[in-house]
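Single-structure report; data block below.
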Amino acid sequence: MQSSTYAVKGNAAFAFQRRTFSSDRSTTSTGIRFAGYKSLATTGPLYCSGSEAMGATLARADNGIQSVMSFSSVKARSVRAQASSDGDEEEAIPLRSEGKSSGTVLPFVGVACLGAILFGYHLGVVNGALEYLAKDLGIAENTVLQGWIVSSLLAGATVGSFTGGALADKFGRTRTFQLDAIPLAIGAFLCATAQSVQTMIVGRLLAGIGIGISSAIVPLYISEISPTEIRGALGSVNQLFICIGILAALIAGLPLAANPLWWRTMFGVAVIPSVLLAIGMAFSPESPRWLVQQGKVSEAEKAIKTLYGKERVVELVRDLSASGQGSSEPEAGWFDLFSSRYWKVVSVGAALFLFQQLAGINAVVYYSTSVFRSAGIQSDVAASALVGASNVFGTAVASSLMDKMGRKSLLLTSFGGMALSMLLLSLSFTWKALAAYSGTLAVVGTVLYVLSFSLGAGPVPALLLPEIFASRIRAKAVALSLGMHWISNFVIGLYFLSVVTKFGISSVYLGFAGVCVLAVLYIAGNVVETKGRSLEEIELALTSGA
């Protein structure tokens with residue numbers, strides 16, 4: 001998932017670029033769009049052209065898979081799950097069976113990803129519309145109120161990310177999606193019809209609550225209904241649809257130059273996928289894991305039949321119950337996340353998102369326009385295309401390797417590449433011996449950084465979190481980790497430009513390189529590999545190692 005640095009930073013980047021790089025208003029306006037567009041790299045690449053690669057990944061994910069829409073199960077076999085710390089081992093039976101499955105998962109993953117589309121769309125829609133809505137609402141000269149319109153989405157998302165876990169545990173995953181559609185639709189409607197700044201901010205706040213809930217439950221639901229063999233590939237689809245939402249927002253802004261009031265339509269159109277999400281989830285199966293955990297075994301059997309086929313009902317219900325999903329242990333409370341039993345794994349989830357935000361994606365986003373111009377690339381569109389292509393390629397590669405190379409390996413490779421890229425960027429600005437090549441080196445460093453980020457640091461955390469958390473704490477722990485993401489995102493947005501002004505961009509880049517190195521060391525020592533394991537196997541491994 002990605003994560004999102006757009007909201008506060010788009011506005012801050014605009015102010016900085018207007019002050020530093022351009023005095024021409026039209027150029028500044030382009031700078032807003034470009035900076036916002038690239039900051040979406042933190043949510044993942046513009047992955048639209050990667051759909052063919054995704055299809056190939058799904059088709060190759062396991063030799064037993066006969067087609068993308070009909071999953072074959074591989075032979076059941078014992079897998080020795082190694083614990084993450086003490087080296088203890090547990091024998092577990094994966095949720096697999098022999099024979100061809102008559103169920104299908106993809107349509108329901110697609111419905112869930114409407115939430116991801118809305119996530120990306122609401123992040124990106126204000127980027128092109130801000131200048132026009134500011135004029136329409138009479139705040140063209142008031143950058144403070146413009147900042148509130150932008151950043152209120154982040155505030156709402158922080159609330160939503162914490163709320164999503166509790167709702168998912170209490171009402172179930174599908175019902176929470178339906179509840180989530182309410183603030184998403186109302187927020188979009190208020191923004192589209194706003195006649196005052198106050199109404200606009202309330203609309204953005206509600207939309208933020210909606211995308212905050214989506215950021216928690218979309219990866220959670222997908223991970224819980226996906227077959228073990230292709231869970232990594234399906235989990236990375238979340239990134240794809242976030243980027244489709246971002247791209248849709250970018251395209252939706254094209255008529256603005258000819259029709260300044262088009263910004264209202266841009267916000268209003270988001271009501272449609274919100275309604276479709278609510279309707280689609282009314283026909284989608286609930287997570288079998290949640291149902292068994294609630295003691296609703298008969299409903300779980302129906303969900304398993306829909307998702308995996310009637311051939312697997314008995315086997316999967318038995319395995320889910322045996323793994324502890326059906327135990328009478330009460331649902332975990334928020335304070336349980338900080339207990340000695342769970343804190344280690346919860347801290348891993350929070351740390352991954354903190355490293356993601358502190359590793360410098362914001363700096364690369366902010367300065368990419370000036371970096372490309374220093375290399376003679378004057379077109380913002382060309383620069384965006386280059387950064388976008390790097391994102392597309394990186395995530396396409398990551399999705400194809402997710403179930404082969406593994407999540408942990410991708411994270412290590414990603415943060416290692418980001419560290420080297422940051423070092424190259426820092427040297428390109430300060431090392432006089434490289435002055436003649438500084439522009440070219442800066443572009444190379446930027447592209448390599450974005451490519452490295454999209455290989456692991458961008459897409460893996462949102463996929464990994466639902467996998468490493470025990471079923472009893474999964475929803476709340478995912479929500480807590482994503483809440484840390486939104487909070488750190490907001491804080492970085494407030495102080496980043498001040499730090500750059502005081503220390504200089506080269507020193508800041510060097511600091512980011514150090515953070516990436518720390519991330520590599522932390523991941524190597526604390527993150528457990530989840531490739532090829534069922535969620536039950538992972539839970540056994542982490543519990544035995546606690």
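Glycine residues also receive a Cβ, built from the backbone N, Cα and C atoms like all the rest.
Swiss-Prot has this to say about the protein:
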- 105-125: transmembrane segment (TRANSMEM)
- 148-168: transmembrane segment (TRANSMEM)
- 182-202: transmembrane segment (TRANSMEM)
- 205-225: transmembrane segment (TRANSMEM)
- 240-260: transmembrane segment (TRANSMEM)
- 265-285: transmembrane segment (TRANSMEM)
- 345-365: transmembrane segment (TRANSMEM)
- 381-401: transmembrane segment (TRANSMEM)
- 410-430: transmembrane segment (TRANSMEM)
- 441-461: transmembrane segment (TRANSMEM)
- 477-497: transmembrane segment (TRANSMEM)
- 503-523: transmembrane segment (TRANSMEM)
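Ranked by Cβ pairs under 8 Å to the transmembrane segment (441-461), the stretches 105-125, 182-202, 265-285, 345-365, 477-497 are led by 345-365. Counting Cβ pairs under 8 Å that are 6 or more residues apart, the transmembrane segment (205-225) and the transmembrane segment (105-125) reach 3 or more and are in contact. By the count of Cβ pairs under 8 Å, the stretch nearest in packing to the transmembrane segment (182-202) among 105-125, 240-260, 265-285, 345-365, 477-497 is 265-285. Ranked by number of Cβ pairs under 8 Å to the transmembrane segment (105-125), the listed stretches 240-260, 265-285, 345-365, 477-497 are led by 240-260.
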